[in-house]
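I have placed the structure first, in the form of structure tokens, so that the comments after it can refer back to it.
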């Protein structure tokens, strides 16, 4: 994702002009963007003015009607009817029935279906990427790259479907076998956030399906059109293969639906992606019923650059990790620790790089930086910048709301704060980078670990010993621990997730498939004798 030639970064943030329909005054716009000829392609994704937000083999919805908006100009796109609690109950029932069919299909055959789902997304990658850009606000190359992640994880899951399983273990008893069996949990509930409305669902959905589960998805209300379009693509694949649509169900909705999922004992695993505050509430509700949860929550990620760091790697890495998706990734770098000997030079280089970021219409292939997702996010940005100033910080770049239609703010660099300032320890989902000086390895490793979250981290150094100390027990306490690359851009082949208040869950690659299955330890006696534990003998 975000592979854009450096030559395109030529227009200043502060002098950029937004052009095209994204920046037209409201007087020039009709009621809904979907009515405009330039958005006719939305119909190729099965979208229309009014969309049903419930799918369980058929489309419906009896809940509230909401309108989704384009963050680049805050114009309405289309409407979606959400799920009612009655819709939810019906969908759960149909999903449970669909599981009886899906679980009986051999894992490699399930993998073939998932591969076909990936192929279907590959065919729609440009259209769906444009929709992600339109409704979420990220630049087009990121929107397309996000859909590519779904394609990639489907390819990965298809191969994995032929490899999942447990070991055969040596038994202490003659004539006995000791094996591990892995079976599906049943119904996996998936609640995703606005910032990756396709990819995070894909990480969960593809792996959950090949492990024999059915899925119930609630996406973010503000990206409901993406949820509907994604589900339509999957539903067509299931229909073409004569399978129940309720294998992959959708219930668009708000907190009432999310709370119901968290409390529902029929939801065998609930995967939740969102804020730490809401995630804690979800975890408590699931734990209260002794259920399983998979949490991907906040991140207060750091990059550390030592005196021997290659600055030609550091500067673009920080730029990518700090302003990509306008600072709205869970892996966005929010803290930058620079050795005192290189601090001033790196800050100067970053200010120069920031001044060349091209801002504007997210569909323009030259653009590298789009809007925040909502007006509320803009307000949080403003409050965070003001609070940073009050706590002793100096804004050396940006810090203001941009005078353009839409939710645009300047990418911002703040220096001069204490490493443990309250605002630094608070995750603000916006492009604000706090920069600090450090003197030695021990103190900066401690600073990296002192925040409550533990998602992603990276150091830049050529010192081999330092690298392995960073990876070791006294190094980073994060789930993602990088060297000489950004905090963002995780590959699907590795397990994605973090520690501490990030939630502890793991998704996507490696052995994350185990999260979606239950393990049974099985002892099989194939002899004619019965050796009992502790040598007990019944006469």
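Please read every residue number as a count from 1 along the shown chain.
Every residue gets a Cβ built from N, Cα and C, even glycine.
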Q: From the candidates 331, 332, 374, give the one listed by Swiss-Prot for the same (S)-2-amino-6-oxohexanoate site as 489, 490.
A: 331
Q: Annotation N6-succinyllysine in Swiss-Prot: match it to one of 97, 437, please.
A: 97
Q) Looking at 218, 280, 462, which one is marked N6-acetyllysine in Swiss-Prot? A) 462
Q.
Say a student had to find the N6-succinyllysine annotation in Swiss-Prot: which of 86, 452 would be the correct pick?
A. 86
Q) Which one of 14, 94, 109, 474 shows up in Swiss-Prot with the note N6-succinyllysine? A) 94
Q.
Among residues 331, 489, 490 annotated as binding (S)-2-amino-6-oxohexanoate, what is the maximum Cα-Cα distance? Answer in Å.
A. 9
Q: For residue 94 (N6-acetyllysine), just count the other CB atoms lying within 10 A of its CB, please.
A: 21
(Q) Between 192, 331, which of the binding-site residues has its C-beta surrounded by the fewest other C-beta atoms within 10 Å? (A) 331
**Q.** Of 86, 94, 330, 331, 462, i.e. the recorded positions, those within 10 Å of residue 274 (NAD(+) binding site) when Cα atoms are compared
**A.** 330
Q. Considering the recorded positions 278, 330, 490, which residue's Cβ sits among the greatest number of other Cβ atoms within 10 Å?
A. 330
Q) Including all protein chains displayed, how many Cβ atoms other than that of residue 427 (NAD(+) binding site) lie within 10 Å of its Cβ? A) 22
Q. C-alpha of residue 427 (NAD(+) binding site) to C-alpha of residue 537 (N6-succinyllysine): distance in Å?
A. 62
